[in-house]
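Enquirer: First the structure, then my questions, so here it is.
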Amino acid sequence: MLEPTPMLLAAFSLGLALLPLLFFLRRWGWLLIGWNECILQPIHNLLMGDSKEQRILRHVLQHAVAGDPQSVLETIDAYCSQKEWAMNVGDKKGQFLDAVVQEQQPSVLLELGAYCGYSAVRMARLLPPGARLLTIEINPDYAAITQRMLDFAGLQDRVTVVLGASQDIIPQLKKKYDVDTLDVVFLDHWKDRYLPDTLLLEECGLLRKGTVLLADNVIVPGAPDFLAHVRGSGRFECTHFSSYLEYSLWVVDGVEKAVYLGPGSPAQP
């Protein structure tokens with residue numbers, strides 16, 4: 001029988017010591033987000049003299065194929081999985097988004113939170129002829145990057161980037177943007193805005209029977225009040241899709257699909 005070497009014993013001891021940390025990080029995946037967004041990213045920005053979002057755009061412009069949305073998505077996914085983590089919906093959870101757009105064939109689609117334009121490109125590439133996507137982004141730098149990403153992908157005619165806060169823009173959708181009701185809403189902005197904006201969409205008469213809400217990151221960072229509402233109000237039929245945090249293989253996350261049943265609908269069993 002082989003005697004354990006000091007190096008092997010040290011590695012085993014280190015592994016045991018790190019197990020609680022690994023469990024903690026798996027359970028509290030927001031620490032991964034905090035580490036990337038609050039520590040690594042500011043250091044990288046300082047050293048590089050630009051922002052992560054600008055670096056993502058530059059990488060796409062240099063390495064993706066112009067006019068090819070799939071190439072744009074794959075280039076962003078490769079960068080964010082290999083170089084710098086970013087809060088896109090990502091390739092794995094993006095498949096749920098693809099499925100909703102393909103199933104619903106929406107005429108009017110709303111996105112809350114554009115970030116760098118990844119999900120806008122992902123949805124717009126699947127829209128049927130004549131359909132349109134409105135994407136609301138509060139950060140002017142992100143909105144500008146999203147527009148450039150859409151232009152590069154050749155999707156600028158299908159998407160309108162709206163700069164502003166969701167709570168300010170939503171009440172303007174009917175009159176200013178000629179929206180009657182929405183077919184699909186993708187929520188991927190501030191998680192504490194998921195519930196207020198869902199209620200605002202209802203209040204403004206923008207949801208019809210069958211409107212699909214798809215909400216990202218309902219586990220990490222989490223949107224418990226939103227989940228409680230759509231699952232408990234009786235006005236939505238919900239399906240949860242378990243997955244992992246974007247560009248992570250071990251932080252459990254999920255996407256919630258909530259189909260609007262109409263006001264005053266009976267509670268679902």
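Note that Cβ sites are derived from N, Cα and C of the backbone, with glycine treated the same way.
Pasting the feature list from Swiss-Prot:
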- Val89, Glu111, Ser119, Glu137, Ile138, Gly164, Ala165, Ser166, Gln167, Asp188: S-adenosyl-L-methionine binding site (BINDING)
- Asp188, Asp216, Asn217: Mg(2+) binding site (BINDING)
- Lys191, Asn217, Glu246: substrate binding site (BINDING)
- Ser265: phosphoserine (MOD_RES)
- 1-4: topological domain 'Cytoplasmic' (TOPO_DOM)
- 26-269: topological domain 'Extracellular' (TOPO_DOM)
- 5-25: transmembrane segment (TRANSMEM)
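Give me the local environment of each listed feature.
Expert: Listed in sequence order, Arg193, Pro196, Asp197, Leu200 are the same-chain residues six or more apart from Gln167 (S-adenosyl-L-methionine binding site) with CB atoms under 8 A from its CB. DSSP gives Gln167 (S-adenosyl-L-methionine binding site) a helix state.
DSSP assigns Asp188 (Mg(2+) binding site) to coil, not to a helix or a strand.
In the three-state DSSP classification, Asn217 (Mg(2+) binding site) falls within coil.
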Enquirer: Take every residue in the topological domain 'Extracellular' (26-269), average their pLDDT values, and give the whole-number result.
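Expert: That stretch averages a pLDDT of 92.
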Enquirer: Can you tell me how far the Cα of Ile138 (S-adenosyl-L-methionine binding site) sits from the Cα of Asp188 (Mg(2+) binding site), in Å?
Expert: 12
Enquirer: Using a 10 Å radius around its CB, how many other CB atoms surround Glu246 (substrate binding site)?
Expert: 25
Enquirer: Check Ser119 (S-adenosyl-L-methionine binding site) against DSSP and tell me helix, strand or coil, would you?
Expert: helix
Enquirer: What is the Cβ neighbour count of Asp216 (Mg(2+) binding site) at a 10 Å cut-off, with all protein chains included?
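Expert: Result for Asp216 (Mg(2+) binding site): 29 neighbouring Cβ atoms inside 10 Å.
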